[in-house]
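Undergrad: Okay, handing you the structure first.
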Amino acid sequence: MATQALISSSSISTSAEAARQIIGSRISQSVTRKASFVVRAASTPPVKQGANRQLWFASKQSLSYLDGRLPGDFGFDPLGLSDPEGTGGFIEPKWLAYGEVINGRFAMLGAAGAIAPEILGKAGLIPQETALAWFQTGVIPPAGTYNYWADNYTLFVLEMALMGFAEHRRFQDWAKPGSMGKQYFLGLEKGLGGSGDPAYPGGPLFNPLGFGKDEKSMKELKLKEIKNGRLAMLAILGYFIQALVTGVGPYQNLLDHLADPVNNNVLTSLKFH
């Protein structure tokens with residue numbers, strides 16, 4: 001009897017131990033599955049920057065390289081100019097983006113400078129002999145010229161020399177950002193060190209008012225600048241077309257249109273009536 005009791009007790013202990021092992025194994029498997037599920041959930045790829053941005057006639061191909069990081073990037077690139085594989089390495093996409101910013105700034109200055117003499121002349125703020133349409137100031141010699149202190153050819157050579165020097169310095173900074181702050185330049189080199197981004201050098205010379213003090217405001221200002229720059233480039237193109245078609249300046253065109261919209265508009269100027 002004692003022997004049977006010992007055997008029974010041993011069997012019960014063995015069964016209990018087996019049960020604990022089975023239950024423990026299942027619990028361990030369950031925990032492992034849950035843990036592996038959590039790991040898989042955490043490995044979800046992040047959302048691309050600018051994924052929810054506004055798009056203008058974007059294609060699947062353009063969105064493969066225009067990811068919204070550049071200011072004013074709406075995925076619009078019908079000619080594939082910014083495609084790093086479409087140019088065969090001949091044109092660097094970063095250079096195109098940089099060039100758009102620079103040309104936009106020149107266009108904004110040009111658009112304002114071309115129309116300002118007309119407006120100031122009409123308002124009587126400057127003499128009439130200097131209130132000329134932009135194409136009569138010497139930029140297009142056959143259309144007329146103003147009597148400056150030197151002839152047009154001398155002025156052209158001088159402008160080319162000055163602009164060539166400025167553009168050379170700008171290209172040096174593009175090739176090696178910050179290099180202009182290391183070269184002597186009339187004591188101004190401290191303000192030419194830049195920010196590391198050639199398109200937005202900042203500093204006391206290029207951002208004296210300290211705009212864009214935080215990342216959010218800087219991003220908004222970059223977007224506004226590129227939009228206005230693109231508009232200004234279109235305006236300059238419009239100035240050229242107006243000059244060829246109407247023979248008067250943009251401000252005079254506006255006054256003529258407001259005075260008689262029916263007979264002075266795009267269609268009548270192009271003889272589509």
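Glycine residues also receive a Cβ, built from the backbone N, Cα and C atoms like all the rest.
Pulled the feature table from Swiss-Prot, pasting it below:
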- 1-32: transit peptide (TRANSIT)
- Arg33: N2-acetylarginine (MOD_RES)
- Trp56: chlorophyll b 1 binding site (BINDING)
- Phe76, Ser82, Glu100, Arg230: chlorophyll a 1 binding site (BINDING)
- Arg105, Ile140: chlorophyll b 2 binding site (BINDING)
- 106-126: transmembrane segment (TRANSMEM)
- Glu167: chlorophyll b 3 binding site (BINDING)
- Arg170: chlorophyll b 4 binding site (BINDING)
- Lys224, Gln242: chlorophyll a 5 binding site (BINDING)
- Glu225: chlorophyll a 3 binding site (BINDING)
- Asn228: chlorophyll a 4 binding site (BINDING)
- 231-251: transmembrane segment (TRANSMEM)
- His257: chlorophyll a 6 binding site (BINDING)
Undergrad: How long is the line from the C-alpha of Ile140 (chlorophyll b 2 binding site) to the C-alpha of Phe76 (chlorophyll a 1 binding site), rounded to the nearest angstrom?
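TA: Distance (Cα to Cα, whole Å): 34 Å.
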Undergrad: Only counting partners 6 or more residues apart, tell me which same-chain residues put their Cβ under 8 Å from the Cβ of Ser82 (chlorophyll a 1 binding site).
TA: Ser62, Tyr65, Leu66, Pro93, Leu96, Ala97
Undergrad: Counting only other Cβ atoms and using a 10 Å cut-off, which of the binding-site residues Glu100, Glu167, Glu225 scores lowest?
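TA: If we count Cβ atoms within 10 Å for the binding-site residues Glu100, Glu167, Glu225, the smallest count is at Glu167.
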Undergrad: Same chain, not part of Phe76, Ser82, Glu100, Arg230: whose C-beta falls within 8 angstroms of the C-beta centre of the chlorophyll a 1 site? Give them in sequence order.
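TA: Apart from Phe76, Ser82, Glu100, Arg230, the close residues are Gly72, Asp73, Asp77, Leu96, Ala97, Ile226.
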Undergrad: Who are the long-range neighbours of the transmembrane segment (106-126) in its own chain, taking Cβ under 8 Å and residues 6 or more past its ends?
TA: 132-134, 137, 228-229, 232-233, 235-236, 239, 249-252, 255
Undergrad: Out of Lys224, His257, which of these binding-site residues shows the lowest number of other CB atoms within 10 Å of its CB?
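TA: Lowest Cβ count within 10 Å among the binding-site residues (Lys224, His257) is Lys224.
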